[in-house]
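Enquirer: Next up is a structure, given as structure tokens.
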Amino acid sequence: MLVLGIESSCDETGLALYDTQRGLLAHALHSQIAMHRDYGGVVPELASRDHIRRALPLLEEVMAQSGTRRDDIDAIAFTQGPGLAGALLVGASIANALALAWNKPTVGIHHLEGHLLSPLLVDAPPPFPFVALLVSGGHTQLMRVTDVGVYETLGETLDDAAGEAFDKTAKLIGLGYPGGPEVSKLAETGTPGAVVLPRPMLHSGDLDFSFSGLKTAVLTQMKKFEAAKFDGEALERAKADLARGFVDAAVDVLVAKSLAALKKTKLKRLVVAGGVGANRQLRAALSAAAAKRGFDVHYPDLALCTDNGAMIALAGALRLGRWPEQANADYAFTVKPRWDLASLAG
């Protein structure tokens, strides 16, 4: 089965072709980072308009890359939610228009299911079941993944997502957009232990997260720097140490909760997915813990940690392979800006 995947939930336009026999044939991605940088965050109206401009050129690119003709495609998968309503509508409209013109069925995909399954795109994919740490700008969850469509929420953030905390910390420190990669980069130059921040809910006894207090601690520390009248090189060094303290605290919590989830479920496989899954400090800490405690940890390719069409095409192929009745051939659709992953079922 050959599936075209279309991702448009936020500020990346992604298209890809995935074949159940040959794997990922082609994927192309356009990021809107440069467009939103002047605003310090994603502007939904601009995001929607840019998806309209980018989708068809990206379609032509993946078709040319793979030597695929429209008659070769069996179905079209699109991100149905969650995400920005306007952005989702653009992707859904394009998917259904193509499907109508080409006489193909469609299938709507949960954006987070795409992330959960994205590590299956690697050469040696993890078998089911596994624990998944889903960590991004909008979500931080621990899930037990028993099979495609069988997901149990073990823990989740009670306030800010980890990626959101990274972005807000970057803004408090005075870094550019997007903040997450910038604060991680700065943290690598900081001195370990120079600034020690709280580890929220580290010993809460459950698998939930909270990152709003960590963000507040960063703000408090920045005010101390101002009161001390740090400037020039001293201020830059203090900011680097603060970034290091923040990243160390966030990573400690993510690793500890992941280990607790593995212990609770008695599973030996951890899958890390979502944009923050590209963070080098997090990967290093989880890999070290895996080596010490004897479990396997799996990551998507770095290029597939961000939103992308490949994960949507894969999820579409897996769903239609197991539940052909989910194929939609009447081209009526809705989008779901809010959509609980645990509500999915085969």
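Cβ coordinates are placed from backbone N, Cα and C, and glycine is handled just like the others.
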Enquirer: Looking at Swiss-Prot, His111, His115 are annotated for Fe cation. Which of Asp301, Asp307, Asp330 sits in that same site?
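Expert: Of the residues offered, the record points to Asp307.
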Enquirer: To which of Asn96, Asn279, Asn308 does Swiss-Prot also attribute binding of substrate at the site defined by Leu134, Val135, Ser136, Gly137, Gly138, Asp167, Gly180?
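Expert: Only hit among Asn96, Asn279, Asn308 in Swiss-Prot's substrate site, alongside Leu134, Val135, Ser136, Gly137, Gly138, Asp167, Gly180: Asn279.
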Enquirer: In whole Å, note down how far the CA of His111 (Fe cation binding site) lies from the CA of Ser136 (substrate binding site).
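Expert: Roughly 12 Å, rounded to the nearest whole number.
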Enquirer: Cβ within 8 Å of the Fe cation site centroid (His111, His115, Asp307 excluded): which residues?
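Expert: Once His111, His115, Asp307 are set aside, the remaining close residues are Glu7, Ser9, Thr79, Leu112, Gly114, Ser136, Gly274, Asn308, Met311, Ile312.
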Enquirer: What is the biggest Cα to Cα gap, in Å, among Leu134, Val135, Ser136, Gly137, Gly138, Asp167, Gly180, Asn279, the residues listed as binding substrate?
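Expert: Between the most distant Cα atoms of the substrate site, 17 Å.
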Enquirer: For His115 (Fe cation binding site), what is the secondary structure state per DSSP, taken as helix, strand or coil?
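Expert: DSSP call for His115 (Fe cation binding site): helix.
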Enquirer: How big is the gap, in Å, between the Cα of Asp167 (substrate binding site) and that of Asp307 (Fe cation binding site), rounded to a whole number?
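Expert: That comes out at 17 Å between the alpha carbons.
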